[in-house]
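The structure appears below as structure tokens.
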């Protein structure tokens with residue numbers, strides 16, 4: 001049965017794998033193509049550890065197509081499902097393991113990030129491995145179990161900083177639930193932190209830049225992080241329905257209430273296991289990282305469910321436990337969860353609105369229409385990484401060096417505009433960098449007329465200006 005679940009999971013993660021790379025994916029691909037030295041020592045403004053970039057550095061040498069780049073995350077995602085089965089079987093039973101792994105296999109949120117050229121699927125795998133070996137080390141204190149814990153946990157925090165939330169969760173579990181095992185974990189935890197010492201100087205550089213982000217980029221915190229009051233309900237909704245935005249209208253609110261109602265009802269049918277240490281471990285695994293992310297987000301904008309994707313196996317395990325406690329109506333609730341998951345998947349597969357930004361289409365359009373007298377402008381310090389990836393920065397220029405933009409600076413940056421016949425301006429993120437649209441204003445003052453506005457999914461508007469005779 002688990003073999004069929006893995007086949008299903010693989011098929012679902014291969015659909016739409018050829019989407020365009022969006023901003024973060026293209027950034028990861030470009031950084032991964034750079035030298036190992038650059039990946040380790042020259043990413044001060046990129047708030048991530050190096051492991052995923054180093055793995056991608058070698059993977060990208062074998063191919064650069066969207067399908068090939070995303071296939072790495074597909075592999076991580078599928079192995080996470082297999083590992084979820086093994087963890088759940090070890091903790092509870094084969095039946096619970098089959099239901100949990102099936103729910104994760106069809107989970108639209110996990111599917112989305114199993115197709116992302118980022119580190120989230122990788123972190124989910126290493127996080128689940130860490131929990132697996134953590135449990136084995138408490139149940140069967142053997143050298144290989146401790147070694148597995150050390151390696152998987154170290155890999156996790158070298159992949160994503162949110163992995164520290166999971167370590168904190170494990171320490172809290174030991175202090176509250178398994179005090180008798182604390183002394184056995186002192187050495188493994190010490191070794192993990194010892195192995196992390198080489199990265200601490202770079203971590204501090206990135207942390208300082210992260211803390212200062214709102215100073216040099218006003219509004220970025222709001223773009224990166226969910227408001228406190230939305231974070232917990234949206235985590236449940238997205239973990240159930242996928243990476244679908246809940247818009248402010250009655251239909252979407254009703255959908256959100258229904259999803260929260262179903263998931264909440266299932267969750268509240270699990271507490272009969274509350275005294276079981278294994279259940280408590282899964283509950284800690286799921287809840288503590290959410291609470292820690294909420295607290296930390298007041299200083300660093302981290303409050304997004306995908307940053308703690310390593311807890312989604314715990315979410316599916318808790319769902320499976322709750323469903324199997326429902327007795328005669330358990331099949332009905334499995335069916336309801338399947339309908340919710342498949343509805344989210346159909347929206348994701350079938351609508352460009354819910355897919356990734358179409359930078360490939362936008363870049364091809366630009367390359368097809370520009371000539372030697374054209375200029376492509378971005379309201380940013382440099383062209384965005386997807387344009388760099390697809391168009392190789394051809395005839396492009398970033399004209400906003402400081403945020404928010406100042407008209408005098410824009411005028412200075414565009415002083416040679418008269419040598420150009422037509423201009424294409426990407427409005428992407430311009431609300432953050434140039435909310436007053438000084439770039440367009442200066443272009444019009446230089447005798448250019450707006451002739452057409454093009455719209456590309458996720459990328460937004462591209463304004464085409466032509467010099468008036």
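Note: Cβ is positioned from N, Cα and C throughout, glycine not excepted.
Looking at 47-65, 218-236, 332-350, the range tied to transmembrane segment in TrEMBL is 332-350. When the ranges 25-46, 91-112, 355-376 are checked against TrEMBL, the one recorded as transmembrane segment is 91-112. Among residues of the same chain six or more beyond the transmembrane segment (308-327), those with a C-beta under 8 A of the stretch's C-beta atoms are 80, 83-84, 87-88, 91-92, 95-97, 99-101, 103-104, 107, 109-110, 113, 120-121, 123-124, 126-128, 131, 156, 160, 162-163, 165-166, 235, 239, 263, 266-270, 272-273, 279, 282-283, 285-286, 289-290, 293, 333-334, 337. The stretch from 67-85, 91-112, 332-350 that makes the most Cβ contacts under 8 Å with the transmembrane segment (119-137) is 67-85. Along the domain 'Glycosyltransferase RgtA/B/C/D-like' (48-199), the predicted structure has mean pLDDT 96.
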